[in-house]
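Undergrad: One structure coming up, written as structure tokens, with questions to follow.
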There are 2 protein chains.
Amino acid sequence: MQTMTTEEIVRKMAAQGLRITDQRKTLAGLFAESPGYRTPKDVYEYMGRIYSGLSFDTVYRNLRVMEELGVLEQVMFEEGVRFKLHCREHDHHHHLICLQCSKTYPIKHCPMDATDVPDNFQVVKHKFEVFGYCKDCRQDEAEQRSV
Amino acid sequence: MQTMTTEEIVRKMAAQGLRITDQRKTLAGLFAESPGYRTPKDVYEYMGRIYSGLSFDTVYRNLRVMEELGVLEQVMFEEGVRFKLHCREHDHHHHLICLQCSKTYPIKHCPMDATDVPDNFQVVKHKFEVFGYCKDCRQDEAEQRSV
DNA sequence: GTCCATGCAAATTCTTTGCAGGAAC
DNA sequence: GTTCCTGCAAAGAATTTGCATGGAC
């Protein structure tokens, strides 16, 4: 996989003039390890276990900063915003996303290759995501339900 | 195109036991005419021009009701939630969406056909959307910018 | 020592709910 | 007449901002 290491993330943040605090190091580590999308609340709870007296707005601010910096990417789900490590651009791909654990798996195929766009439409960007359950979260056919 | 008429929408709402108020008739008409996605605020402003003393929460409530009923569909954009007429299911397709006027154009091709999903991943749903500028909103190459 | 990051508090924005009067059926 | 719809107000939730202190450099 083409994920960044904690050190690479920290280095990238430092290169942009950000101060490397413990909290930011931990955040970098969290996302370097995270195989999927995380909600701000998720992240806050995780961080809260490590830092007592942590404030939500600081977590939020850091997520925003890391997003603006291009380290994280933000995606809107029905239930709200989520963050994950930004995939490298030179390797364009899409994702299978697990509805249970929100882990992601790359899809090499890009639908734009096979999409017939009328030439009077000027394409700017596209979004392709597949949702379901991964092998670990897979449910019995019987108890399976749509979301 | 396979959009519903105002009458069909009204009939569908009535069939579900909803009372047909002026406001709901207007809403039905608005979405029957709307070629694209609309924000709740959009809708509220439009309705507000017709009904003085209109309250935002009623608009919201009606959008929700119409969504639960299957008349509208809700989509999360980066900027927030939007609504549009629900496309008929028997004719599965995707959309080109104009970033300017938010008008939509159907894409027949469904990327799932060409996507190689590992068989230990249980697919539940997928999302494929293409954003850009339609022929009416198309911008000069010079002043064109990514969003 | 300087300037940024943090926590605290509060402001905004978005969305939802309770309630009483009025409208649809 | 009964039940649902509406507007008003207010509650919740999600997100953002101002400010003083402490920490990174």
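Note: Cβ is positioned from N, Cα and C throughout, glycine not excepted.
Keep in mind that what you see is a predicted model, and the values were worked out from it rather than measured.
From TrEMBL, for reference:
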- A:HIS92, A:HIS126: Fe cation binding site (BINDING)
- A:CYS98, A:CYS101, A:CYS134, A:CYS137: Zn(2+) binding site (BINDING)
Undergrad: Looking at the binding-site residues A:HIS92, A:HIS126, which one has the fewest other Cβ atoms within 10 Å of its own Cβ?
TA: A:HIS92
Undergrad: Determine, to the nearest whole angstrom, how far the Cα atom of A:CYS98 (Zn(2+) binding site) is from the Cα atom of A:HIS92 (Fe cation binding site).
TA: 20
Undergrad: Give me the non-local Cβ neighbours of A:CYS134 (Zn(2+) binding site): same chain, 6+ apart in sequence, Cβ-Cβ under 8 Å, ordered along the sequence.
TA: A:LEU96, A:CYS98, A:GLN100, A:CYS101, A:LYS103, A:TYR105
Undergrad: Have a look around A:CYS101 (Zn(2+) binding site) and count the other CB atoms within 10 A of its CB, chains all included.
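TA: Its Cβ has 14 other Cβ atoms within 10 Å.
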Undergrad: Would you kindly determine which binding-site residues in the set A:HIS92, A:CYS101, A:CYS134 have their Cβ under 8 angstroms from any Cβ of chain B, listing them in sequence order or replying 'none'?
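TA: Cβ contacts with chain B under 8 Å: A:CYS134.
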Undergrad: Can you tell which of A:CYS98, A:CYS137 has the least company, meaning the fewest other C-beta atoms within 10 angstroms of its C-beta, among these binding-site residues?
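TA: Each of the binding-site residues A:CYS98, A:CYS137 was scored by Cβ atoms within 10 Å; lowest is A:CYS137.
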Undergrad: In whole Å, note down how far the CA of A:HIS92 (Fe cation binding site) lies from the CA of A:CYS137 (Zn(2+) binding site).
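TA: Taking the Cα atoms only, A:CYS137 (Zn(2+) binding site) lies 26 Å from A:HIS92 (Fe cation binding site).
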Undergrad: Check the DSSP secondary structure of A:CYS137 (Zn(2+) binding site), expressed as helix, strand or coil.
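TA: SS state of A:CYS137 (Zn(2+) binding site) = coil.
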